[in-house]
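A quick write-up on the structure given underneath.
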Amino acid sequence: MSENNCSKPSFPDNAASKEYAASLDAADPLASFRDQFIIPSKANIACKRLAKPNLSPEPCIYFCGNSLGIQPKATAKYLEAQLDTWSSIGVCGHFTNLEDSPMKSWQLLAEQAAESMSKIVGADPAEVAAMGTLTANLHLLMASFYKPTATKHKILMDWKAFPSDHYAIESHIAWHNLDPKESMVLIGPDEGEYEISTDKILSYIDQHAEDAALLLLPGIQYYTGQLFDIPKITEYAKSRNLVVGWDLAHAYGNVELKLHDWNVDFAAWCTYKYGNAGPGAMAGLFVHDKHGQVDYSQGEDSPKFRHRLTGWYGGDRSVRFKMDNKFKPIPGAGGFQISNPSAIDLSCLCAALSVFDQTSVSELRRKSLKLTAYLEYLLLKDTTEDSRPFRIITPTNPEARGAQLSLLLKPGLLQGVSERLQDAGIICDKREPGVVRVAPVPLYNTYSEVWEFVQQFRAALQL
């Protein structure tokens, strides 16, 4: 994927020193953002009871933002404001904009979140909706965009899709009385490899252009951390008359996206990883403007719009409370909403987005490129491919990855390495049978933490 300043950084001879890592932190223009988050302490992550933040002054090293981001300090403030609104004015909170609240009234709150998210995914605000959860949103989008016929029914997807995506796709195929064994086409890497080349994806598109109805891929592959060339793949697939959707769970808040300009048909994402909106937080979806049009040329009572599963909250606010059972959708992605969204969930999402509103994904990406490159440099320094008991299965090309590096350990090493990292107060994700996923997040992680992680990781492997 073409990105600005995406060449791999080079490092000087003293780059492996603790002092050099500290110098990078001192020069980091985004360093102050770390103060806007609550970093779990080493004492707390070992505690067996509920604990207050900062039980001890020593923070853990949290490299698990690709699984769950940490809590912004704004979250408690936003939640308290919402609880005060509910307790003080009850149902009036739906329509009352309180002057000292950081959030709009409840009926406008989803739009507030969607506007901020649109900047993160490169879309017009009307093309984004804050709603539901990732898999539920994928179901809703596939209900609208997956229209199989007898001859054009296949879905092209990732060979190692996150299981929830696999289940969702499989169930939609079965819903149409089709056989998943015939209608699911898994695109995988060459034997012994983990990276899927863009050329291979394009070749699958060519091979199935006549019988595929949908291409649905992850923007970033959750296991390997590979960032796919979204614009190139999208353009090519659409030239072959495929509908194109993307699961951006690991791309949202991680890499630059331009969904509108790339002409993506639809996309969905969760907000609790790099988005920091909390466990199981409200998700988001994108529907390109051309699919969200509402045509009233045949009269106000006969709107024409793309078929979707509907609910009252997708209806235009001007008629939402008329209760006349005449559905008039909100133009754009908002028309795909189903139910009244949780104001509590939206509070957590808006709190997380308030941090992103202070910067840009391009600035975060610039730091992320250097942070992850530094991690890679330290991991590989003074080793050879034969001497290393691990392999980085994430692409070495910075244009083909986000913040995450996936480290595939030799058989039998995962448990011992995981225990060593945990004892050192380092939180990162492990995936059986042998992968450690490490994700330094530019909003709150430091170069010094990268340095310390590598010391502990190498010690665990006796390097």
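Note that Cβ sites are derived from N, Cα and C of the backbone, with glycine treated the same way.
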Site-mate of L134, T135, F162, P163, S164, D165, D247, H250, Y272, N340 for pyridoxal 5'-phosphate in Swiss-Prot, selected among W175, W262, W312: W312
Under 8 Å by Cβ from D247 (pyridoxal 5'-phosphate binding site), counting only residues of that chain that are 6 or more apart: L134, L138, A161, F162, D165, L216, L217, P218, G219, A267, A268, W269
Extent of the pyridoxal 5'-phosphate binding site in Å [max Cα distance among L134, T135, F162, P163, S164, D165, D247, H250, Y272, W312, N340]: 31
Residues that sit under 8 angstroms from K273 (N6-(pyridoxal phosphate)lysine) by C-beta distance, when 6+ apart in the chain: G65, N66, S67, L68, G69, A249, H250, Y252, G253, N254
Neighbourhood of N340 (pyridoxal 5'-phosphate binding site), C-beta criterion under 8 angstroms, separation at least six: W312, Y313
